[in-house]
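Chemist: Please see the structure below; I have some questions.
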Amino acid sequence: MSESLRILVIEDDPSINEVVCAHLTRQGHCCVGAFSGTEGMLHLEHGGGSVPFDLVITDLMLPGMTGEDVVGRIRAASATLPIIVISARITPADKVMLLTLGADDYLTKPFDLDELTARVNVQMRHRRRAAGEDAAAPGPAGSEGFAALGPADSEGVAARAGDGSPATLGATAPDIPVPANSRLSLRFRDWELDPDGHTFAVAGEPVALTRTEFNILELLMARPQKVFTKQELFELAWGEPYSVEDSTVNVHISNLRRKLKPTGTDGYLQTVWGLGYKLSLD
């Protein structure tokens with residue numbers, strides 16, 4: 001074990017909370033258990049002691065503050081703190097919603113503990129890569145924004161910044177509401193995507209996309225700093241199981257680049273060799 005993480009586990013089922021914490025502790029990590037969303041946010045707002053958390057694992061079905069609220073509050077305070085969601089209720093629509101809110105990964109209950117370890121290790125690799133690319137951000141990922149959080153309440157705030165950057169939390173912010181039956185428009189550099197109107201434009205000029213192309217861009221624009229694997233893109237955009245031999249994702253990315261080339265923004269779609277795709281911030 002080359003690196004030990006400080007992990008916050010938010011799970012209201014005591015047996016699952018105990019098993020997950022015990023397993024991760026055996027892997028060399030330091031775990032803190034919380035049994036409600038409100039308790040979890042209190043740990044985060046107080047920094048989990050003197051050392052910030054490096055990773056959060058949370059259930060969705062929590063008493064008081066929901067898992068969705070927890071994800072939204074965390075991501076609004078920190079653009080970099082990794083979040084893994086575990087839940088029995090993860091449909092393709094749930095996955096899209098969670099990634100849009102800011103979750104980095106998800107596991108469907110019941111899950112194998114070895115798979116959880118693998119998911120944690122993936123976040124460790126992403127964290128090391130991000131630390132190497134951003135020398136101006138010392139210390140563990142995700143420690144920057146929680147000092148500004150107000151007291152955790154039972155309502156929660158499912159707010160996020162449209163460009164993936166940190167935002168200040170506050171229930172009175174009128175510019176970032178999250179209506180129950182509506183999704184926020186997404187903006188990335190010259191791109192603008194309206195999920196409700198199902199429109200996509202580059203520098204104000206509309207670009208016609210298929211439903212699947214639209215779904216792919218929505219996922220990428222919701223988390224511009226995240227590398228999406230081909231499996232993630234396929235399962236979320238198509239809602240079907242992924243086959244390693246399937247080249248469908250590559251074909252659709254190629255089609256997107258072809259459509260975007262006349263706008264000069266096809267380079268926004270970046271291939272991360274051996275991993276998948278992300279958006280280029282350069």
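The backbone N, Cα and C atoms fix where each Cβ goes, and this holds for glycine too.
Whatever TrEMBL says is automated annotation, not expert-curated.
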Chemist: Which range is it, out of 3-23, 129-149, 213-233, that shows up in TrEMBL as region 'Disordered'?
Modeler: 129-149
Chemist: For the region 'Disordered' entry in TrEMBL, name the matching range from 35-54, 155-174, 255-274.
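Modeler: Of the candidate stretches, TrEMBL labels 155-174 as region 'Disordered'.
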Chemist: Which residues, sitting 6 or more apart from D59 (4-aspartylphosphate) on the same chain, put a CB under 8 Å from its CB?
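Modeler: Those within reach of D59 (4-aspartylphosphate), by Cβ under 8 Å and sequence separation of 6 or more, are I10, E11, D12, D13, I16, G67, V85, I86, S87.
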